[in-house]
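Written out below as structure tokens is the structure these notes cover.
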Amino acid sequence: MTLLETDRPTLDLEDIVESAATALEGAPTLEVIRWAAATFGDRICLTSSMSDAALIHLVSKVKPGIDVLFVDTGYHFAETIGTRDAVEAVYPVNVINVTPSRTVAEQEAALGPRLNGRNPDLCCHLRKVEPLGKALEGYMAWFSGIRREETASRRDRRVVEWDRKRGMVKVNPILDWTQQQMDDYIEDNGVLVNPLHYDGYPSIGCEPCTQPVAPGEDPRSGRWAGMGKSECGIHL
Ligand code: SF4
């Protein structure tokens, strides 16, 4: 039974967000995760791009069995699919493979080849934003692994925030983590990592839209390189 069910059954979700966002800003990561697990029970899930399993490792310690949504766009690297399968085998979580309404072949038949090159915003909407939105409909809240230092648009985000686009709560427990903290946590805990990280890909998305990055370059500069795009739209 969750706090929502026991204490204040009519509590407005936006009220929860406002008070929690203030109370938990700067709080230890596990405190944020414990609050979310106690508040939302089985009505919270986690989303992962399978770049690494740091957030999955953290959350599964507090809430084993949690649903982990992975958006399988049909354009992923084989290494990313392998990481998804390894996560499913190693951690006590329930991995859910979320797929777009059309396969890649069906999309190409309907909209022409290489939509990612001609209109990446539409491609990301159809293959990422829309399917994830549908999959999230059964939940009240979701954990995301975004971090402030990743992009300019993430700097002003809050640890607990109201997801206006989907009408639900979004919890960002590692928002303040630096890359060094990520690296240390992964090493100290033997966390699963997408092997592409060791091959020059510090940020990993779909294969047609992800390039390796030289040491010292912006880690996200290999995503949609030359397209004037830095976010798929899930986190905007
Ligand atoms: Fe399409 Fe590229 Fe977006 Fe993947 S990252 S959904 S291939 S535009």
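Each Cβ is built from the backbone N, Cα and C atoms, and glycine gets one as well.
All TrEMBL annotations are machine predictions without curation.
If you check TrEMBL, you get these features:
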- 49-212: domain 'Phosphoadenosine phosphosulphate reductase' (DOMAIN)
- Cys123, Cys124, Cys206, Cys209: [4Fe-4S] cluster binding site (BINDING)
- Cys232: active site, nucleophile (ACT_SITE)
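Listed in sequence order, the residues Thr73, Tyr75, Asn116, Pro120, Arg127, Lys128, Gly205, Pro208, Trp224, Cys232 complete the 8 Å Cβ shell around the [4Fe-4S] cluster site centroid, once Cys123, Cys124, Cys206, Cys209 themselves are left out.
Secondary structure at Cys206 ([4Fe-4S] cluster binding site), taken from DSSP and collapsed to helix, strand or coil, is coil. On its own chain, Cys206 ([4Fe-4S] cluster binding site) has Thr73, Tyr75, His76, Asn116, Arg127 as residues at least 6 apart in sequence with a Cβ closer than 8 Å to its own Cβ.
Cβ neighbour density within 10 Å is lowest for Cys209 among the recorded positions Cys123, Cys124, Cys209, Cys232. If you average pLDDT over the domain 'Phosphoadenosine phosphosulphate reductase' (49-212) in this model, you get 96.
Annotation note: the residue listed as 'active site, nucleophile' sits in a coil segment as assigned by DSSP.
For the pair Cys209 ([4Fe-4S] cluster binding site) and the residue listed as 'active site, nucleophile', the Cα-Cα distance reads 10 Å. If you measure from the Cα atom of Cys123 ([4Fe-4S] cluster binding site) to that of the residue listed as 'active site, nucleophile', you get 9 Å.
Cα-Cα distance from Cys232 (active site, nucleophile) to Cys124 ([4Fe-4S] cluster binding site): 6 Å (rounded to the nearest whole number).
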